[in-house]
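Asker: Before we start, here is the structure in question, set down as structure tokens.
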């Protein structure tokens, strides 16, 4: 505080206050700034920006937007409806199965529960599941099990495993040990301890995470259809492919509304369970 | 001692007392919740458009695919590394662009500092539409407008991130302490001075935290941009899949995991050192 107040040149009785910098270490501050500038200078040099192509793109953009306004709900209304229903079905199934699957993985990935080799395995699987974007997973599952909703469900199960598994494992690592000792002192075995001492402690968090994951999976289910894994993304992709921008903008509008609605429902349910 | 552990609990209260965890109302609520979940699941499974014979062969197909992927093909690395670098660069430039756009959006979208209801509404619409449309869908749009290449990816990343950054920075503006602002107003400071000396210092820690978090997310997102032609590693992935080069596919997957972990480690270090 003192340093900040006296900072800046106070020579010749002329006091000028200066805001204390965000990063107080000057070497770190200017080092980061230099690295920042150098990196972005390099990237802007390598990024091929062709102004001519952007200019040529403007009429194309105009064409797209004039096609997209007004949005056309009627021509493919039925397809839009079934697409969204399928997205919602994929979301429900994948969230349910994914959360069930992530419970054992979360136990395996909690350092205070699992022995070291199991911990490493559980953590590794969760990290890989988290690192792969759902669209990447979607492409793989479409190749493995064919186009359609099933590939989408499998994709989102793995996606859920990565997300819920990680956060649930963290919740398990933060539990109180009193209950574990109490249950163990009654002579309960390892799995009884998990069921009666650990699970009740993480249950509220698990339900909250499930609600949150429903919201996230609904968003993701709209995208994985772009690579053939079912749902509204499929419909959107074919609308784009047929230059049917009116239908595409209708889908996007409905998508915004549904996602906002799901978000508010999800956050309200989470507040309710807390 | 033996008596205590073996005696049934109902004998403790004299007459029939049984310990129960939930009250009848709670239990009814729990049953209702389970019933709803079961109903939804039943409806979903019975109506979802799935070709069930494919489901039964799925484990075998998946095993087959994994066998084809092993071992990853390291000879694809000369192609993969520049694409990975491009992926990180797209994420960085896209995030930078988004930060620049999102600052005014956050300012106008914060209920307590936005000049009037009109600016608030505009900022809110920008935030909502940006946030609700996924990066890949933005990319689809900008590939159609700007043509394929990393530029479309950068713009797509930026368009998706503006809403995220604008919302979270706007929320931290809404939560800030009003005291410093009043103090500056009392000293006769201009609006620019108030922003610079009362608002900026209060939101700068959360600003950096949010910006770094978004960069981390954007690395993950930019790994798939190439699949719709918007640059980065995704294009290699799609090509390898289309040509059934499974060993290259697995090499790409490994490198994606590595680059995402790299992003996580970097953001972790920056977060610990700075914020």
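The backbone N, Cα and C atoms fix where each Cβ goes, and this holds for glycine too.
Checked TrEMBL, it gives:
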- A:27-47: transmembrane segment (TRANSMEM)
- A:79-103: transmembrane segment (TRANSMEM)
- A:84-266: domain 'ABC transmembrane type-1' (DOMAIN)
- A:109-128: transmembrane segment (TRANSMEM)
- A:135-162: transmembrane segment (TRANSMEM)
- A:182-199: transmembrane segment (TRANSMEM)
- A:220-240: transmembrane segment (TRANSMEM)
- A:246-265: transmembrane segment (TRANSMEM)
Asker: Are there residues at least 6 beyond the ends of the transmembrane segment (A:109-128) whose Cβ is under 8 Å from a Cβ of it, and what are they?
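Answerer: The answer is 161-162, 165-166, 169, 172-173, 175, 194, 198.
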Asker: Could you pull out which residues elsewhere in the chain have a CB under 8 Å from any CB of the transmembrane segment (A:220-240), counting only those six or more residues past its ends?
Answerer: 76, 79-80, 83-84, 86-88, 90-91, 94, 134-135, 137-139, 141-142, 147-153, 155-156, 159, 247-248, 251-252, 255, 259
Asker: Okay, the transmembrane segment (A:79-103) and the transmembrane segment (A:246-265): do they have at least three CB pairs under 8 Å, pairs separated by 6 or more?
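Answerer: When sequence-distant Cβ pairs are counted, the transmembrane segment (A:79-103) touches the transmembrane segment (A:246-265), since at least 3 lie under 8 Å.
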Asker: Determine which recorded stretch among A:27-47, A:79-103, A:182-199 has the most C-beta pairs below 8 angstroms with the transmembrane segment (A:135-162).
Answerer: A:79-103
